[in-house]
Structures are given as C-alpha cells and as structure tokens.
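What TrEMBL says about this protein:
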REGION    1-23  region 'Disordered'
COMPBIAS  14-23  compositional bias 'Low complexity'
BINDING   GLY18, GLY20, LYS21, THR22, THR23, ARG114  ATP binding site
REGION    38-61  region 'NMPbind'
REGION    113-123  region 'LID'
Amino acid sequence: MAQNSRKKPNILVTGTPGTGKTTTSFSLAEATQLRHINIGELVREKNLHDGWDDQFDCHIINEDLVCDELEDLMEEGGNIVDYHGCDFFPERWFDRVVVLQTDNSVLYDRLSTRGYTGSKLSNNIECEIFQVLLEEAKESYPEDVVVALKSDTVDDITRNVASLTDWVRSWQPKA
Ligand code: ADP
Ligand code: MN
C-alpha cells in the first residue's frame, strides 16, 4: 500500500516514563475514537520480548516482533501509539509525533509515587533533563511531524487533548 493512503491519522505519543503518555492517549482516544495502543501492554500480552532486563527493570522488547504485530493496523490508520521510545518504528507510520515533557521536580515526585527509586528513578530524570526522547523524535521523523507538549498539570493534559483532537478532526488523507 502506498505511503499515507490511510483514511485516519496515526499519532505517536512518546516521552520519558511518567510524563503522561498513557493518561493523554487514553483521553485522546476517548475524544477522537482512535485506537489506543499501549506498546508496553502489547509486549506483555503477546510476549513480544526477549526476556527481562535486570539493569533497567523492564522487558527487553523485540522491536521487529512489535513492528510486525502492528503493520496492518498502522496501514489501516486511526491509531494512537503510546511508548517511551520512537526510533524503531517506520517513519512512514506516523502523521504526528507528540513528545510530552514534564518539569524535573514534578516528574521526580510522580515517579517516586509510582515506586521508582535509585538508578531507575535517576535514569529517568536524566532522560528528561537531557531531552532524550525529543532528540530521538527529531532524528527519526520530519521536523513538521514532531511536536513537544508540556505535561506538568491536569490542565496541560486537557489542553493537549483538545488541540490534538482539533488536529485529528482537520486531518486530511493525502491525495
Ligand atoms: P506515562 O504513560 O508517560 O508513564 P502516565 O500517564 O501513566 O505516564 O502518568 C503517570 C502518573 O502521573 C499518573 O498517576 C498520572 O495521573 C500522572 N500524570 C501524568 N501526567 C500528568 C499531568 N500532566 N498532570 C498531572 N498528573 C499527571
Ligand atoms: Mn504509560
């Protein structure tokens, strides 16, 4: 199928763990009726991994298996993909790449509440300080596709979901 022949757009919501990807994606899916795909859950449910990474305390995801699993849905369009990485998905899949960003001290509190401690906590805070996901998104997708959105407060989520919903409604399939 040719590039962008889909009738509905695909959106990638990325960012450091705790920046609000799942909360934002869930709410955006409700507002737009697009399909929310939480990659972490998909990997667990379908075993798309190569075991457990003790250092980073997470599954070692098998990127090829994940991409194979999603190809048909992405071709169809209408997906919100939720993941803390973005460089292994095909560039052609996404019409918008949203990078959520959170103030360090706010993120610190959120991740502590989530039970993160030690290097798992500090690695994620560093990831946010150095804007790792924004850089990764800029390297992997065209400039006009990537958008960074602040996600410090519940009002930010409301505003982000509203503006993304407007974007979805005005999106046109490529001729
Ligand atoms: P992620 O999927 O990026 O790891 P979540 O959506 O699971 O993040 O959010 C982590 C926690 O932080 C949840 O308890 C959520 O309610 C809270 N949270 C996320 N974003 C915001 C925000 N913009 N304002 C207030 N709380 C938030
Ligand atoms: Mn999440």
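Glycine too: its Cβ is placed from the backbone N, Cα and C atoms.
Keep in mind that TrEMBL annotations are predicted by a computer and have not been checked by a curator.
Note that the structure is predicted; figures quoted are calculated from it, not measured.
Location within the structure of each feature annotated in TrEMBL.
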residue	record	DSSP (3 states)
GLY18	ATP binding site	coil
THR23	ATP binding site	helix
ARG114	ATP binding site	coil
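For the recorded ATP site, residues GLY18, GLY20, LYS21, THR22, THR23, ARG114 set the reference point as the centre of their Cβ atoms, and the other residues of that chain within 8 Å of it by Cβ are PRO17, THR19, THR24, ARG110. In the predicted model, the region 'NMPbind' (38-61) has a mean pLDDT of 93.
Within the set of binding-site residues (LYS21, ARG114), the lowest number of other Cβ atoms found within 10 Å of a Cβ is recorded at ARG114.
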